[in-house]
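Data block below; observations after.
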Amino acid sequence: MLTMTHLVALTPLILVCITAVAVMLGIAWQRHHAGTAIASAAGLNIALLSVLVIWQMGPVETPLLVIDGLALFAAILILISTLVCVTLAHAYLEKYPGPREEFYLLLLCAAAGGIVLAASRHLATLFFGLELLSMPLYGMLAYAFRERHSLEAGIKYLVLSAAATAFLLFGMALLYAQTGRLDLAGLAVALTEDPNAWALAGAGLMLVGLGFKLSIVPFHLWTPDVYEGGPGPAATFLASASKVAVFVVLLRLVLVAPAFQGDWLHGLLAVLAVVTMLVGNLLALAQSNLKRLLGYSSIAHFGYLMVALVIGDGLAVETVGVYLVTYLVTTLGAFGVVTLLSTPYSGEDAAALHHYRGLFWRRPYLTAVLTVSMLSLAGIPFTAGFIGKFYIIALGVEAERWWLVGGIIMGSAIGLFYYLRVMVTLFLVEPGMQRRDAPHDWGVRAGGVVVLGLALLVLLLGVYPSPMIEWVKLMAVAGS
Amino acid sequence: MSLLLIVLLPLLGSLVPLMGSNERRNACATMTAVAPTIALGIALAYMGQVLDGDIPRAAVSWIPALGLELAMRLDGLSLLFVLLILGIGLLIILYTRFYLADGDDMPRFYAFLMLFMTSMLGIVMADNLLLLWVFWELTSLSSFLLIGYWYRQSEARKGARMALTVTGAGGLALLAGLLLIGQIVGSYDMQVVLDSRELIQQDPRYLPALLLVLLGAFTKSAQVPFQFWLPHAMAAPTPVSAFLHSATMVKAGVFLLARMHPALAGSEAWLYLVGLTGLVTLLYGAYFALLKHDLKGILAFSTVSHLGIITLLFGLDSRLAVVAGLFHIVNHACFKAALFMTAGIVDHECGTRDIRKLKGLWRFMPLTTTMAVLAGAAMAGVPLFNGFLSKEMMLAESLQTPLLGGLSWLIPALATVGSLLSVAYSLRLVRNVFFDGPARDLPRTPHEPPRLMLAPVMLLTVICVVVGLLPALTMTALLEAAASAALAGDSPELHLAIWHGVNPALLMSLTALLGGLLLYLQRRHVFAFQRQFRPRDARLLFEMGIQLGVRIAQRAIDSLENGSLQRYMLWLVIAVLCVAGSALTQTSGLQGPLENQPLDGLLIAGAIIAMFAGLATAIMHRRRLISLLMLSIVGLMTSLAFARFSAPDLALTQLAVEVVNMILLMLALFFLPQKTPQESGAPRILRDVLLAAGFGGIVASLNYAVLTRPLESISDFYLENSVPGGGGHNVVNVILVDFRGFDTLGEITVLCIAAIGIYKLLNRLRLFMPSSDADGRPWALDHHPAILGTVAQTILPLALLVSFFIFLRGHNAPGGGFIAGLITAAALLLLYIARGVDWTQQRAPIQFQPIAVAGVGVATLTGVGSFVFGQPFLTSAYGHFHIPLIGDIELATAILFDLGVYLTVVGSTLMMLANLGKMTTRHRPSKNKEQA
């Protein structure tokens, strides 16, 4: 039975949904770009505030959703990324010729999906959340549909994601047929009582479906194309909020369900983790497009994160938390710069590396943001990325998983090389070629302010991460 | 606290030069020098205390969660390095002032330099393993900035990148190693770690930890096989080479060996790994130093070689060897920095560093020549210079080593060979450049550099000579303090003196000196020998490695990620096949405890038709209309299968959904090309068929396995409670309108909102009716053929009747509001298609929005109605009524709710689909508004 407590605990989700409906009705009534953006941002901010308020409550469980530390943690990350995407989208869509307001609607729906996904304790909500997260993304990616690449990205993501979802669904069906349960807890109990190969196949297929969304090798093939083709804000959302939500639910599955902890799946996860780190980094070497490069880099980073899944003990949750925070801040910063440089919308995004040649000489602050992000992605000390990488390596060393540690080190070394390449490009002498540039007043716009703030946050988290770590620990305690 | 200042002052100092300007260079240099001078003062103030054996420590909490705290210590080892770093650093600042050309950005250089100094000081003073690592990474980063200072040169960029990649990777290995040590000891505090030698060395994780730490140290100190980055880092400005690549950064590796010596050394593994690496590096560096023609190249390889000597000394299992190693660190820093600066002066004055072009410079720059001769003599290990002392200690220690057991005589022999080579290249460096006949064809006429530029060289040379003459007086105290830190105990008694009497070491030294002279004179044989080998440039190898990586990546990208959706799908399916297939191999058999269902003719026929239709859909997919028809057969067979296996309600729903779907697909087809061009060749078709068959096989096996196993589900509960609780025999309908009525209410509300949303969002969509198909044939002029129109019109009342019937019986027999709604919607849509929007709109000007909204309203009111009877929301009641003529009928309040469902379904479906159809006509919603 739904009680008041439940409703209170679900406030953030409800607020996001209300905002989505309000935005939709607003569009139907009167189109107004800035108004829509402000309304979305306001709704998200209120939702964020409400999360902070209900943070005090203990875990609240409904039959379908659980609002515990992990869920709230993910909700915060998702809401923040969505907020960043809203501000970026506002700058980006300024000159977009078609209807602009629907983008926010899609963004809000996807955010709601992410929150549901991260809070799900039932396969039904898992599926529902995943779909609610993915469906709007099809639209967002193909939003600039007059641009061939954008349309292609949308359709590719649609078709492949549908296939992956089918596998996920089939896996769920197998698990259900095996146990007759759909809630994760019941599933776990039933599988412990009677573990067998069908459950494995089911869990394996679910892993495929979720792995696809996380673009884990070998399900990663769509990633670079889609990142490259999609409009900046959509790619940003895909790389941040979407991944956080899916990863959190995968973590939940691994922590709860014994089928995910058996030897076979464990081995599979470990192999996938190593392969993902190495392939992601290796393929990034040859990229000459920043968005594609970031795509591969995000593949590699989730390879590192999977180490936490493989090890899956108490410290793993904390590690995941810290890593997700640092990854998110950094990625948002990097994608933010790319988006701002492609702002206002004028056809294809400025993502080829040569667009960035000598950026320092015309946009020193944006360059600083991008440099900081690259350093952080490479895991250099005094940036947020270092803290994350430290946690992952510490986790691997503690569990004595030498292959994984070796993979992280190899991958990071390769990573260092191509992140440096980007950084060096920024400072090269400006060539006389045509260039794409951010508008002159980017710094005082919402998007610009947010990006600068993110860069500062990357540094702050790198120098003084203790509050963040304390917070994540709280989450990990509340979540387990 | 003032301990922390030693590190923090240079950090602040890195901001100072940025305030200076490129024009006022003297001011800029002076301002920069202030911070390190104060830091040096503080260090000197601590000196007495440290030499007495105290270890001042200071700590500030930083990130307790990681065990990382800002903890500093100043033991003898740290002090030795701090003095080196700050002292030589100050000299470098002075030298740089004159070295940088007018166009170079001086504040930037100084800022990087101070940043580097900070990180280096951090390494040597860190009292926490992790802090040490943090600074370690910072040296890599700041050295990257310094090496790449002339960022316009591709050489500099590549060298910088290589240095950072190699040392950065080594740094990560080091981190893993340090973490492991921390795990073993349970603390990252330096003192605790250094005191836990037994604990660490008896732990099974000792070997991996040692390997990882050594990997970090060896990459940083350019030991074979990681030596290749150092010569290429010479693209840096010379002050950087003098500071980083002789005195400090490359010494970080050997510093680490000294620092961790108390905890890690003493084992067989350490002896062999460190000792042999040092020996090989010593020989490798010395040999190639002899062959290089670039002045800085010679110095770089000689640095590699000398680092090898130091590593060898730390590797040898003797306490005196460690002292010798520390001594050599100091000596090497002094003479090598002096030589680098001299090389910079030569380069600066002559415009070239090629030793083949330089000759007889002593005529032009006698003072510089004197300095070079003295420093070169120190490098060669000539008696009366500091290099001689440490080298002789090295030779003496190499005689004692247990390394290689019976073959241990190899060590001193090879060490002597190394010294011999070093004599030869020192001779070559000094004689060829400064003497050897008069100079010819120099790019520029050289003369003495400014006094102040020469001053640092002079100071360093003087130190070399003074230490060489009075070793006991100058170095004993400092070395003993450093050694007691590196050995975690009292330093062995030192007898630094020039003359120890005639002993084997002296003989070896003499052999080396004479042999070196001889080798130098006969060097053309060596060159001739070397010419037989293909020159192998380490950078080329590294770049080739990178290029190879890139090429592999590119090939992988070309074959994996060519942008083809089919290819992506292929890999996805293959991955799934592997995952599910390998899971299937884990099981014993597919058959579960349940028996197979008996087969009969009907079933077989149905299955064959379904399979045939499925195949046909795939085969005919290029002709979309036919393929669509085949697909509808598959759908029909599915519905029939539901009906056959006692789920008539589901069958009915499936059927209705199929019909609506089909209509929607037809509408979409209208806007799409009629045919797909053939693109696949035979091999690809074969591949796809195999893949599809494999995948089908896996899915079928899984299905079979699941179906032959008993299943317990929640349905029993509903089956039992449907009649007593909801008054209906149609369980599905009862669930929908009664048990889970609240959910349904939510669902239809969402459906209604979604439909309105779509309706409004379609406002701006402009679709244009295609007038011809893909081949250019015009569509039939008659858009609405009479037969279809007549049929549709005839069917409409019938369909409405059927849907009413189904609606009414829904509670007990298969049917219900949802299905009835779909039937009505399908019939109306058919009419729209058959007769066109105009025609239909004229005759039935129905607005669908109110219908949908009314549906939600009715459903809600039904729910609210139960409040009137004092019941909770959506409570249902039912009863039997007798109606004349029709007979006994059972009615439940749920039927009202179902009416709401019905209305919503009809309204929403038509609102969406009919309006989509309207897009092409003048009934387009937005058009109307705009025109009006």
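Cβ atoms are placed via backbone N, Cα and C, with glycine included.
Where the annotation comes from TrEMBL, it is an automatic prediction and has not been curated.
Per TrEMBL, these features apply:
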- A:120-414: domain 'NADH:quinone oxidoreductase/Mrp antiporter transmembrane' (DOMAIN)
- A:6-29: transmembrane segment (TRANSMEM)
- A:36-58: transmembrane segment (TRANSMEM)
- A:70-91: transmembrane segment (TRANSMEM)
- A:103-120: transmembrane segment (TRANSMEM)
- A:126-145: transmembrane segment (TRANSMEM)
- A:234-258: transmembrane segment (TRANSMEM)
- A:264-286: transmembrane segment (TRANSMEM)
- A:293-312: transmembrane segment (TRANSMEM)
- A:324-345: transmembrane segment (TRANSMEM)
- A:365-387: transmembrane segment (TRANSMEM)
- A:402-421: transmembrane segment (TRANSMEM)
- A:442-464: transmembrane segment (TRANSMEM)
The transmembrane segment (A:442-464) touching the transmembrane segment (A:324-345) per 3+ Cβ pairs under 8 Å rule
yes
Report yes or no: does the transmembrane segment (A:234-258) come within contact of the transmembrane segment (A:442-464), defined as 3 or more CB pairs under 8 Å with a sequence separation of 6 or more?
no
Under 8 Å, at least 3 Cβ pairs, sequence separation 6 or more: does that hold for the transmembrane segment (A:402-421) versus the transmembrane segment (A:442-464)?
no
Given the transmembrane segment (A:365-387), which of the listed stretches A:36-58, A:70-91, A:126-145, A:264-286, A:442-464 has the most Cβ pairs that are under 8 Å apart from it?
A:442-464
Go through the chain and flag residues at least 6 beyond the ends of the transmembrane segment (A:70-91) whose CB is under 8 A from any CB in it; none is fine as an answer.
12-13, 16, 33-34, 37, 40-41, 44-45, 47-48, 51, 54-55, 103-104, 107-108, 110-111, 114-115, 118-119, 232-234, 236-237, 240-241, 244-245, 248, 251-252, 317, 321, 324-325, 328, 332, 335-336, 339-340, 343-344, 439, 442, 445-450, 454, 472, 475-476, 478-479
